[in-house]
Structures are given as C-alpha cells and as structure tokens.
Amino acid sequence: MDDDRARAHEATQEDLLRKLGGTTWSVQLGRRDATTASFDDAQSNLPSPSLDLSGGHTIGQVKCSIIRPRIYNETNIDSNFAASIKKNCPSTGGDTNLSPLDQTAGVFDNTYFKDLVNKKGLMHSDQQLFNGGSTDSQVNTYSQNSAKFFSDFGSAMIKMGNLSPLTGSKGEIRTNCRKTN
C-alpha cells in the first residue's frame, strides 16, 4: 500500500507541473512527509527576498511590500519594467497588491532567466543571480536552453528530496500531498 501512495503522490506533483508546462523527474518510492509543520520555522528559515542570493521563482506572484525597495531604489533594473510595476505598486500603500514573479508567472518555463538577463528580476535576491557575478553564466545558459534548466531542476528536486529523509515510523506517505492522512 505504501508504494501505491507514493506513486499517487509522485503522479500528483508531476501532473501539476506538467499542466504548468514543466518537466518531470523520477523519484524513489516511499518518501515520507512530516505530519506536522511549523509556521514559525517557515517564517524564520526561508531566505529573505532582500538577500544577495536565493532566486528560482518561475511561478507565482509577490506582494508589493516585498518588491517596493527594489523597484523604487535599485539601479540594476530595466526602467520601463520598473515603471510598469510601479503602476500596481505605489510608493506608499497597496502593500498586498500582487505582481507576477516573471513575465509568464503561470507557466513553468525558463522566462525567469530571460527576465534576469534583461534586468527584469522582480526581487533583489533574484536579480543578484545575474548581476556581474559567478552565476551569470548559469543564468545565460538557462535563459537560452530550457531543456538544460528542466533537467537540472529535476536533478535538484531529487537531491532535495533525499536530504534527511524520514524513515521507519517517522512521518507518513501521503494519499494527498497537500494534507496529512
């Protein structure tokens, strides 16, 4: 039964990513997820959007309050792009207004990297990936080669899934990946 649950969990993730235009990857069966989560840990352990390196935001949106410092104060941003974002994100107020993380925020693709090359990274931490440093060549590669991005993304997901896996009676194999059994 555990292998059946793991296959269902894997299929759900692959189906969602495929619907968004993304890739698939093979994972080992039997991955166990935690039965509890900590809101406080999530708030304190996620990288800040103001850090000099995190990146990887190809799907979703971000609140105005998070991007305001970048679009109003930073110089490594395309001025037309910044002006277009400012229409939805005034210098004061509108903190919860949302802007797409890349130009195709509802699609899993390599547009995020193309945006970085064109100085259209929405968060400070994103644009730092293409700002005259050691990661510029990787961003260039991904912006020009979506197959390479998809392949490397799948490999990274497998590596992350194998970090400190729960074993034995710890955790559970989910029947629905969005909630505990």
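Cβ atoms are placed via backbone N, Cα and C, with glycine included.
Residues or ranges marked as domain 'Plant heme peroxidase family profile' in TrEMBL: 11-181.
If you look up TrEMBL, you'll see Pro47 marked as substrate binding site.
The heme b binding site annotation in TrEMBL covers His57. Sequence-distant neighbours of His57 (heme b binding site) (same chain, 6+ apart, CB under 8 A from its CB) are Leu101, Asp102, Tyr112, Leu122, Met123, Asp126.
Within 10 Å of the C-beta of Thr58 (Ca(2+) binding site) there are 23 other C-beta atoms, taking all protein chains into account. Among the features that TrEMBL reports, Ca(2+) binding site is placed at Thr58, Asp102, Thr104, Asp109.
Close to Cys89 (disulfide bond) in the fold, though at least 6 residues off in sequence, lie Cys64, Ile67, Arg68, Ile71, Asn97, Ser99, each with a CB less than 8 Å from its CB. Under the heading disulfide bond, TrEMBL lists Cys64-Cys89.
Counting neighbouring Cβ atoms within 10 Å of each of the binding-site residues (Asp102, Asp109), the lowest count belongs to Asp109. Cα-Cα distance from Thr104 (Ca(2+) binding site) to Pro47 (substrate binding site): 23 Å (rounded to the nearest whole number). The two recorded residues, Pro47 (substrate binding site) and Thr58 (Ca(2+) binding site), have Cα atoms 16 Å apart. Counting other CB atoms no more than 10 Å from each candidate's CB, the binding-site residues Pro47, Thr104 peak at Thr104.
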